[in-house]
Amino acid sequence: MVGPTHNGVVRRAFSVVNGGQDLLPNSNPPSNGGSEYGGIEFTREDVDALLSERMKYKNKYNYKERCDNMMDYIRRLRLCIRWFQELEGYYLFDVEKLRNELELTERRLAEMEVQLKNKDEELNMIIAELRNSLASLQEKLSKEESDKLVAMDALANEKEVRISMEKLQANLTEELGKAQGELQSANQRIASINDMYKLLQEYNSSLQVYNSKLQTDLDAAHETIRRGEKEKAAIVENLSNLRGQYHSLQDQFISSKDFLHETTRQKDALLNEVVSLRAELQQVRDDRDCQQSKAQALTTELANCKELATKSNELEARCLSQSNQLRTVQDQLEAAEKKLQMSDMSALEMRAEFEGQKQLLSELQSRLEDAEFKLIEGEKLRKKLHNTVLELKGNIRVFCRVRPLLPDDFSGAEGKIISYPLSTEARGRGIELLQNGQKHSFTFDKVFMPMATQEDVFVEISQLVQSALDGYKVCIFAYGQTGSGKTYTMMGKPGHSDQKGLIPRTLEQIFQTKQALLSQGWKYDMQVSMLEIYNETIRDLLTNRDSSRIENGTAGKQYAIKHDVDGNAQVSDLTVVDVCTKREVTSLLDRAAHSRSVGKTQMNEQSSRSHFVFTLRISGVNESTEQQVEGILNLIDLAGSERLSKSGSTGDRLKETQAINKSLSSLSDVIFALAKKEDFVPFRNSKLTYLLQSLRAVNVSEADQIAERRA
């Protein structure tokens, strides 16, 4: 396999292919909680010191010492990465918590705004009620004044009647015989009373005109009050004016009440006088039987006096009722003043709480920005540490997977031909091959035994998939002779979820990580292309089946490999599909599988006769941090190598086998040139090497026939 590279920079190699050195056995990263370093915290200076640390060896040829130092360094790097991953999780949780608090604060602010609006509406309703009460009070006051005027007129009439009665009594005492004359004078007085009544009606009309004028003035005052409602401060001023008017009305009411008491006292005196007059009139009636008609007239006048007395009682009752109403209005006004004061206090409290919430919101936003900044810095450091670990493991890595024996593999096999060394240095990384009585030892970065599952293989390369999302170029391909299980490793077995290959599992990890990074502001665009290289000819597996084939001796559509200024390989006119979900990519994989070239040989009934290249281009952008990444992930299922003596190929199959072996030989030359860091790397020797920068996975089987493969 070939590890991730960034911007064309190649990492150092640590394998048999990379200068003859073996990597340390791979191990899972230690848990901070259960190790002796569980309480360690890493600062930026610690991380920089760890990354810039250089290995010191007492003896540079002591391989075991170098391995131990390297293992300790990798263990510390893993511990640092694990600590930063936990710190990143804490920051994510803190950011989510701050966002929830921010939403809660915004909801509370909205509720407070609604409450303030309701309070303003209540105050407006109270002010309207006070204005209505003021209007009714003014109306009642005008009516009371008119009633007082009527009462004064009635009292004046009573005084005149009393005077006339006194004159009548004097006239009756002096001269009883002049009753007729006195009757005429009484008639004259009645006429004068009628004239007085007419004058009172005219005065009442003038009062009504004056009342209309007052009403007009009152409407103008109301208009002035309505204009003053636009400013909130005018409410208090209007309320003080209302209080002044109320005190004025109260003073007027007290003076009216005093005047009413005086009037009542005079009325009582008049009533007493009327009683005495009744007694005197009765005596006159007894003495003057001849003056019966005159006495009846006097009785009529007395009835009028009684009617006036009744009206006076009614007026007193009405005054009392108005006094009660005035007290009620006064109580309502005091209650309204208290409500207004409470509303003002509540508004002040709500304003203070609003300011506090606003300050808290500002603090939360500041904390959120700080947490997001720390999260971004932690993510940058994680990427740096992650890719540093991959560089330490090696830029070019070779894994070996041993296929279990099939029933046909036992024919001609003598004993066990593959074994695994048990030494500490080679355990899990070495393999020994017995052939023709000779033992051949090979060392890889990792050896997967026959019982290893697809999940075990994917765990080893999952970190490389993450590097592609971080903006690196990653290439993973399966290499081995036909029948060794390359296609099974890369694609898996359809319909069995536990046997999914590297390509489906890689897609699952990429789309899951893409969804998880949405919360950090990352957005990814992905493009997929699939091609096969058959007999050194490129075929597009996502276009029409016949457009890139060779039929009837006529070549189909031709594709050329070009490189842009950044060194990225581009195939002209190749179909590139934008994808958003794993289902879309799976559908494209099924489509490509039906278009791929497969044939039957003596070594394999379904042998892949072409190199299958799956390319996923990843473009990521984070608008909040203005970061951009562009990664490329190449997953390749190579055609199987064959010995002509074993395959027995002839005709077209012979031509296919020769093209496959030639391209695989060119690939081997390129890998060794890269491992030795030679100045010239023969990329142009084949279409495959010209298209790819390599990362290799070797698949072998345990059968001795297959073991006789090309080294």
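Positions of Cβ are set from backbone N, Cα and C atoms, glycine also.
Feature annotation from TrEMBL assigns region 'Disordered' to 20-39.
Here TrEMBL flags 24-34 as compositional bias 'Polar residues'.
As annotated by TrEMBL, coiled coil applies to 95-231 (among others).
Marked as coiled coil by TrEMBL: 260-381 (among others).
Marked as domain 'Kinesin motor' by TrEMBL: 395-711.
According to its DSSP assignment, GLN481 (ATP binding site) is in a strand. The ATP binding site annotation in TrEMBL covers GLY480, GLN481, THR482, GLY483, SER484, GLY485, LYS486, THR487.
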Most crowded position, judged by CB atoms within 10 A, among GLY480, GLY485 as binding-site residues: GLY480
Largest tally of Cβ atoms lying within 10 Å of a Cβ, found at which of the binding-site residues GLN481, SER484, THR487: GLN481
GLY483 (ATP binding site): tally of other CB atoms within 10 A of its CB: 23
Reported mean pLDDT - the coiled coil (95-231): 75
